[in-house]
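Notes to accompany the following structure.
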Amino acid sequence: MQRRVTFDNRLLPYLLLAPQVTVTLVFFIWPAANAIWQSVHLQDAFGIRSEFVWFENFTHVLSDPNYLDTLKVTVVFSIAVTVLAMGVALLLAVLADSKIKGARAYKTLLIWPYALAPAVAAVLWMFIFNPDIGSFGQALRALGYDWDYRLNGGQALVMVIMAASWKQVSYNFIFFLAGLQAIPRSVMEAASIDGAGPMRRFWTITFPLLSPTTFFLLVVDMVYAFFETFGTIHALTQGGPGKATETLIFRVYQDGVVNNDLGGSSAQSVILMVIVIALTAVQFRFVERKVHYA
Amino acid sequence: MATVEIRNVRKSYGPVEAIKGIDIAIQDGEFLVLLGPSGCGKSTLLRMVAGLEGITGGQIAIGGRVVNDLDPKDRDIAMVFQNYALYPHMTVFDNMAYGLKIRGIPKAEIRARVDKAANILELGRFLDRRPSQLSGGQRQRVAMGRAIVREPAAFLFDEPLSNLDAKLRTQMRVEIKRLQDRLGITSLYVTHDQVEAMTLADRILVMNHGVAEQIGTPLEVYQRPASLFVAGFIGSPPMNVLDGRIDDHGEVVLVPGGQRLPLPQPRPTDAGRPIKLGIRPEHLAVAAEGFSIEVELVEALGADTVVYGRLPDSETLLVRMAGIPTVRERDRLTVTPQDGALHLFDAVTGRRVE
Ligand SMILES: Nc1ncnc2c1ncn2[C@@H]1O[C@H](COP(=O)(O)OP(=O)(O)OP(=O)(O)O)[C@@H](O)[C@H]1O
Ligand SMILES: [Mg+2]
């Protein structure tokens, strides 16, 4: 059976699509095209003249050992953020879905962090982890642990990972909770009558039935980790100390805006874009096969 | 296989008492049907036996072992749900094998048991399908299959046929009966369909508002309903109930309109007692004297005919006659109860008066 909506006015469908198409054109296609154009050009120091240089910007970027370090940081950062944000959110959602007292208040509180601007969240984290004024930072130092993320790259990376994950937990939580609530109660009851304890029920029933949600969040969280964590990193560590917390997106900003290397920065954006498109395609190709859409 | 004993079991949801003390011992291999109107607590009682619902008071024992504090998984029971509750992400085979795998049964035996159940239920062709690729009736069979492969101490059914169409329901009812005869596993079966109850049950527990109105074989429940509620619930169309009074000699029942119906045996101790008189529509027959009714409506069901008659005092009297209709609307008719067809109930409590 074919379902088809017919419009009397031939223009109306285009009119209805126009806002979405405009937004996509102005905020996605145009900047992307711009980045691609810039990535094959070299601008002079004053930004007046630019010269077509083929793939010189790309070879330049990819042969820079610093760039590979940044790539490594990005991989560690993205995997850690995705795993942490999803794992914690799933755990919290499972708890919220079970019969506990005050589940409503608990759910509301869990959703709040999502409404926080990255910079505000970062300031919050600073108040907690700053070695001099942060409560947790002071406590760590009082216990004799040499905590200073401004000097220790590893500590800095751990902190931005935690901050970035924390912001994404709320979002994941909402989706996981909705996914859990969509699983019929009687299916879980049937499993418990069939002899499955809570852990086994989770891994053989709940988790497989959640897989569409999990897959969706995997894609969203990865894109988040790659692109949307700029604000958090910028406010917390500015990519430092050294380049310990510099991710690809942060470096794009650093090279393009701060160091004024528009060609190199554009080449990096294009590379970043290709990476994310490739990763998403891989996920759809290989992970989605295992996903059960009920 | 096991007995299931329910001893003065109660269930409260906050201030609301859903089950108000039910007592019954179900024999090994017996098929007990829980019958009652919507909301009377049938599912609640069944779920307490399954361990899905806490027990507020009393005891439940399966196979002689008190299970009040045991998890569902430790009670050795299998349940068939109204919506089947199949695992949507598993094949039919895996659905049936799930409980066996958990219990660590060897692969070869799982295969054998599932194949056997699939054979009985004619599911062989569907073993590799997902539940979403099956019809409602096939899903129902898978749910049954999942229960029987387990070879549990008891089966629990919560309205397993209510989502099927009438024809399929009849078919599955017969199938359940055959299965039960073959497997002989103690079963508790919830339904509000009296035909299912009458045909499947060894005994019926008729429930109303969380209490057991009557426990008995299908025929006992039909022939000697313990209360007005049971009398009205079992039988189709329902029993006629008239207000009456036993006369001063304790020999006849007087009903409004001047009818005098002789009692099977005199009951002098009840002389003058107000009474509710029950007469089943199928026990009224056309006669020279008796209730005089005006026919208001005739329902021809094919095999028999239901006549809605109006008594002179404007009460309705249903008469069920064999065969196709021989009367028409607005005809006048005289009917009288067959011998021994009178049921007497207390006018206040509604309990049967013997
Ligand atoms: N979780 C609950 N909280 C409060 N009351 C409940 C709860 N579950 C059931 N009840 C009440 O308990 C009573 C019995 O419910 P139950 O589900 O056992 O009825 P039932 O006989 O199975 O009805 P049906 O034929 O409609 O399935 C109902 O009045 C219902 O409102
Ligand atoms: Mg019910």
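Glycine too: its Cβ is placed from the backbone N, Cα and C atoms.
Record features, source TrEMBL:
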TRANSMEM  A:12-33  transmembrane segment
DOMAIN    A:71-283  domain 'ABC transmembrane type-1'
TRANSMEM  A:75-96  transmembrane segment
TRANSMEM  A:108-128  transmembrane segment
TRANSMEM  A:156-180  transmembrane segment
TRANSMEM  A:201-227  transmembrane segment
TRANSMEM  A:267-287  transmembrane segment
(request) Using a Cβ-Cβ cut-off of under 8 Å, list the residues of the same chain that are 6+ residues beyond the ends of the transmembrane segment (A:75-96) and lie near it. (result) 103, 106-107, 110, 157, 160-162, 164-166, 168-173, 176-177, 179-180, 202, 206, 210, 214, 217-218, 221-222, 224-226, 229, 245, 247
(request) Could you tell me what the rest of the chain brings near the transmembrane segment (A:201-227), counting residues at least six beyond its ends with Cβ under 8 Å? (result) 74, 77-78, 81-82, 85-86, 89-90, 94, 164, 168, 171-172, 175-176, 178-180, 183, 187-188, 191-192, 247-249, 272, 275-276, 279-280, 283-284, 287-288, 290-294
(message) For the transmembrane segment (A:108-128), give me same-chain residues lying six or more residues beyond its boundaries with a C-beta closer than 8 angstroms to one of its C-beta atoms, as numbers and ranges.
(response) 92, 96, 134-137, 159, 162-163, 166-167, 169-171, 173-174, 229-232, 234-236
